Amino acid sequence: MSTEFQGFELIKQGAEGRLFRGSYLGKPTIVKERFRKTYRHPDLDDYLTKERMKAEARAIVRSKAAGVRTPSIFLVDFERRRIYMEDIKPSITVKKFITDSLLGCSGEDALGKIKPVALEVGSIVGKLHAHNIIHGDLTTSNMLYSISEDGQITVTLIDFGLSHVENSAEDKGVDLYVLERALLSTHANADKLFPIIMQSYKKANNKDSKTVLDKFEDVRARGRKRTMVG
Amino acid sequence: MVIAIGFEGSANKLGIGIVKDGVVLSNCRRTYITPPGEGFLPRETAQHHRENALVVLQEALDEAKVKPEEIDVVCYTKGPGMGAPLVSTSVVALTVAQLWNKPVIGVNHCIGHIEMGRLITGANNPTVLYVSGGNTQVIAYSRRRYRIFGETIDIAVGNCLDRFARVLKLSNDPSPGYNIEQLAKKGKKLLKMPYVVKGMDVSFSGILSFMEERSQGLLGSGEYTPEDLCFSLQETIFAMLIETTERAMAHCESSEVLIVGGVGCNLRLQEMMGIMCKERNAKLFATDERFCIDNGAMIAQAGIEMFNHGWKTPWEETTCTQRYRTDDVEVIWRD
């Protein structure tokens, strides 16, 4: 298991693998190495790793076509289980942005600051779903916030390893459910954030937002029913 | 110094335990075991609890060498769980509380598991994987609640295992999950089956249907043995649990894991979690069947935490509820 390679520096061990920062063909680059997870059966590990690398590469290309900002892919190396992609900088995760905004700020002020970002999040998720891309792991850790000198906010979506292409309202509903739950568990003001996100989601995905939202309610109800037995 | 007695009966275990300031004095239990191929139903389970309650209560008092007048608070499982068994157990708790003139605390079953795990292992602020017959949740503490980061979107992992055991007609003694674990040790050939992870959530119903539909054929053709199927099922669903736990850890930047709930005493699950933790320099905390599986001491322990912070359940609110989410409880005893 290699932890370092020429010119690259380990920055983080995420859930999917290790992240390295460096330069590839002169461009600032992040390398995501899905190292072998020895807790799971080798066959299962090979299969999942390959599927997820494919899913990630595919969804990133598709998302770009759908007008969603994602890191560009430079190289997919199945042999070494690495994906080389654009280093989005300067940026912080949306999770950190929301947490920082809430610090030393009254609820109203913070919400005003967060609102444009929440609208952007809703809009990109809406665009994904309008193009039948299911992200599969929508959390604020998987969204990067950056702001240009003229104040233009960009939200970049990352971590497409669990994504797939599917036209079903059920899958889109589950995607939204995952997002809602991640918000509720992570952020103190999530109950106010989610409606803002949904507001711009509906605009960006007006084609089937009605059926998706119905399904979303179904999935939520299933979640609640499931707590029957301790 | 607080002495608490806890009554647990939310599923097929009846447990009564006594805890004194973090020391478990007694933890007695009876399990309602059904014939192979059958699950437990509410009415019969409640009957089992009614028939055994007084014997187990006497046993718990004797073993702890505690007299009723020394007890400070009576705790019982308010929910979640099956209605009839919950009520039949709480009636006993409420009756002795009246007889002995003691305050009562209704405890959330899931919180009981978490607090017991923290007490026994000494884990400080862990990401919790709570896996049992009725629940599958990835939990972390923040802002005075145990927040649910991931959970099953359909059936619980233990339910999936129990129902698969019924397909193979495995014994329910001591538990279907235990018998699957023993067979899985001898399995070798991995069957490819659905692997369903959605962010930090998991789903097991598709896997169960897949196994229910194909098991007979796969066994009949001699392609797979029952051992192989148990092995394959465990390897797949446990990998899903470890993966979502790891994702929650990365999201919360946590470096401790605690496994609780009945499925948590599966050694293969503990082993896999241990490897994952080692790879990310985290620490694993787990307990054995005495405390993983539903028991009375865990209800007493959670009750003590609440009692020490001035909580008492008003008499008119000493009810039971089948649905009671982990994040419904305000965790007044932690910062």
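Backbone N, Cα and C define each Cβ position, glycine as well.
Bear in mind that TrEMBL entries carry predicted annotations, made automatically and left uncurated.
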For the divalent metal cation site that TrEMBL gives as B:His109, B:His113, B:Tyr130, the extra residue out of B:Asp288, B:Asp294, B:Asp327 is B:Asp294
B:Asp294 (divalent metal cation binding site) to B:Ser132 (substrate binding site), Cα to Cα, whole Å, comes out at 9
Cα-Cα, B:Gly177 (substrate binding site) versus B:His109 (divalent metal cation binding site), nearest Å, comes out at 20
Confidence over the domain 'Gcp-like' (B:30-300), expressed as mean pLDDT on the 0 to 100 scale, is 96
Same-chain residues at least 6 positions away from B:Tyr130 (divalent metal cation binding site) with a Cβ under 8 Å from its Cβ, in sequence order, are B:Cys110, B:His113, B:Ile114, B:Thr136, B:Gln137, B:Val138, B:Ile139, B:Val260, B:Gly261, B:Gly264, B:Thr326
Rounded Cα distance, in Å, between B:Ser132 (substrate binding site) and B:His109 (divalent metal cation binding site) is 11
